[in-house]
Amino acid sequence: VSLQMMKYAWDNYKRYAWGLNELKPISKQGHSSNLFGSIQGATIVDALDTLYIMEMKEEFKEAKEWVEKNLDFNVNAEISVFEVNIRFVGGLLSAYYLSGEEIFRKKAVELGEKLLPAFNTPTGIPWALLNIKSGIGRNWPWASGGSSILAEFGTLHLEFVHLSHLSGNPVFAEKVMNIRKVLSRLDKPEGLYPNYLNPSSGQWGQHHVSIGGLGDSFYEYLLKAWLMSDKTDEEGKRMYYDAVQAIETHLIRKSSGGLTYIAEWKGGLLEHKMGHLTCFAGGMFALGADGAPSDKTGHHIELGAEIARTCHESYDRTSMKLGPEAFRFDGGVEAIATRQNEKYYILRPEVIETYMYMWRLTHDPKYREWAWEAVEALEKHCRVDGGYSGIRDVYSNHESHDDVQQSFFLSETLKYLYLLFSDDDLLPFEHWVFNTEAHPFPILRKEDESKEEKQK
């Protein structure tokens, strides 16, 4: 079914928005997000590896040809360093590793080079926004005291290590190792990492901590850096397990109805709210269970299972059986969105991602059942005449569509569904690590490195 869904999403994108970033499935035209400046083709680059994995050979070939002829980074535009890295650099890298087509490696390295000026700050903590023509960077105007955001500068590591690996240029890996160094020597409030860090002073902004947006993928990349290094990156490992310990102590709580959730921390005060984005953490805890400190393995798997259950409840307690953007545990409600601006669902993958990890690591059939419920809900409420659309209110009895088919729907949501219903030997965890946009990167084996040393 996820194959048919992919075909429907792709065919409609091709019909109505080919070469543009995303599709508006109701208006049947292109949609351009300001995150990509005037770079085009986000859906094509994000979907390359999904097309390849699903053996959609014709579609993959067309996409590759578009990349060869039309993917252009010489644009005078400001882009989000984080979004362009995870979707474009990540998409090109995994397309290269899966298909071996040289064009993808070439384009990935070319784009990586264009992102380097973002690191020209006093600390080497990169700017959030970069004009890729002028090389001028700045931060989001709303971010605490001109800060860079933890989830943004903390989610470059996997891609940049691979860029160094594929280009032979150590500068990419050096940039991300320096970010680590800055974070390691800073004092952490209660062992937690605030979401804001000023790239000029090297000091934290407001002491807000979140495992949802603004924080989420930083933690994921600590664990995955260690896994991707064939478990040689001891610093990444230590930072991850220390962070999880602090998260457990200060953020993980249990509701009166018995649901485990991850709250947000604002200068020592908890807000009992959990975002859809935070639901990725169930899969992260389970993935990290194996390397957890002695006798904690079962506990981390259990934690993953508890988060998966809570996130399933957030879906189950809506009319449409699709989860809201954020849900609360206060004032007598549990796992329910109470604010209008938190009731939307934009085809996000995090809950299905956690089901996929839980399925692979436990083989408990409920994860496939829960994923199937999500498939049915997507087909019933999000599939429209021209593709798939997000929903403005998952508690409503009639659909109000937002008219965007997000590129991550093809890259992540549909890929995780496909993997969930495939055998474990498709992209096995012992060989592949997924970036935060679900792009698989190969684990860099110790012997690969020594081979290269000998060749030099």
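Just so it is clear, glycine is given a Cβ too, placed from its N, Cα and C backbone atoms.
Annotations in TrEMBL come from automatic prediction, not curation.
The annotation active site, proton donor is assigned in TrEMBL to Glu83 (among others). Within the same chain, residues at least 6 positions away in sequence whose Cβ sits under 8 Å from that of Glu83 (active site, proton donor) are Leu35, Phe36.
The local packing around Asp216 (active site), expressed as other Cβ atoms within 10 Å of its Cβ over all shown chains, amounts to 25. If you look up TrEMBL, you'll see Asp216 (among others) marked as active site.
Within 10 Å of the C-beta of Glu325 (active site, proton donor) there are 20 other C-beta atoms, taking all protein chains into account. As annotated by TrEMBL, active site, proton donor applies to Glu325 (among others).
The active site feature in TrEMBL is assigned to Glu350 (among others). Packing around Glu350 (active site) is summarised by its Cβ count: 24 other Cβ atoms lie within 10 angstroms of its Cβ, all protein chains included.
Around Thr436 (Ca(2+) binding site), taking its Cβ as the centre, 25 other Cβ atoms fall within 10 Å, counting all chains. The annotation Ca(2+) binding site is assigned in TrEMBL to Thr436.
Per TrEMBL, the feature disulfide bond maps to Cys279-Cys311.
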Response to the item:
With Glu350 (active site) as reference and a Cα-Cα limit of 10 Å, the qualifying recorded positions from Asp216, Cys279, Glu325 are Cys279
Worksheet item: Could you give the Cα-Cα distance between Cys311 (disulfide bond) and Glu325 (active site, proton donor), in whole Å?
Response: 11
Discussion item. Long-range neighbours only, meaning 6 or more apart in sequence with Cβ under 8 Å: which ones does Cys279 (disulfide bond) have?
Written reply: Ile307, Ala308, Cys311, Ser314, Gly323, Glu350, Val351, Glu353, Thr354
Response to the item:
Between the C-alpha atoms of Glu325 (active site, proton donor) and Asp216 (active site), the distance in angstrom, to the nearest integer, is 14
